[in-house]
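Per Swiss-Prot, the features are as follows:
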- 3-19: disulfide bond (DISULFID)
- 7-21: disulfide bond (DISULFID)
- 12-26: disulfide bond (DISULFID)
- 16: methionine sulfoxide (MOD_RES)
């Protein structure tokens, strides 16, 4: 599920909610 956040230059801020970077977009 996309978290509505990109992770091209910075890590996923939403990572604290279980999201991770995949193909430059944060997914949960």
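Quick reminder: no glycine exception, Cβ is built from N, Cα and C everywhere.
Annotated features taken from Swiss-Prot, shown on the structure.
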| residue | record | Cβ neighbours (10 Å) |
| --- | --- | --- |
| 3 | disulfide bond | 19 |
| 7 | disulfide bond | 20 |
| 12 | disulfide bond | 20 |
| 16 | methionine sulfoxide | 7 |
| 19 | disulfide bond | 21 |
| 21 | disulfide bond | 18 |
| 26 | disulfide bond | 21 |
According to DSSP, collapsed to three classes, what secondary structure does residue 7 (disulfide bond) have?
coil
Under DSSP, is residue 26 (disulfide bond) helix, strand or coil?
strand
Distance check against residue 19 (disulfide bond) for the disulfide-bonded residues 7, 12, 26, keeping those with Cα within 10 Å:
12, 26
Cα of the residue listed as 'methionine sulfoxide' to Cα of residue 26 (disulfide bond): how many Å, rounded?
11
How many Å lie between the Cα of residue 7 (disulfide bond) and the Cα of residue 26 (disulfide bond)?
6
Between residue 3 (disulfide bond) and residue 26 (disulfide bond), what C-alpha distance do you get in Å?
5
What kind of secondary structure is residue 21 (disulfide bond) part of, going by DSSP in three states?
strand
DSSP says residue 16 (methionine sulfoxide), in three-state terms, is helix
Cα-Cα distance linking residue 21 (disulfide bond) and residue 12 (disulfide bond), given in Å to the nearest integer:
6
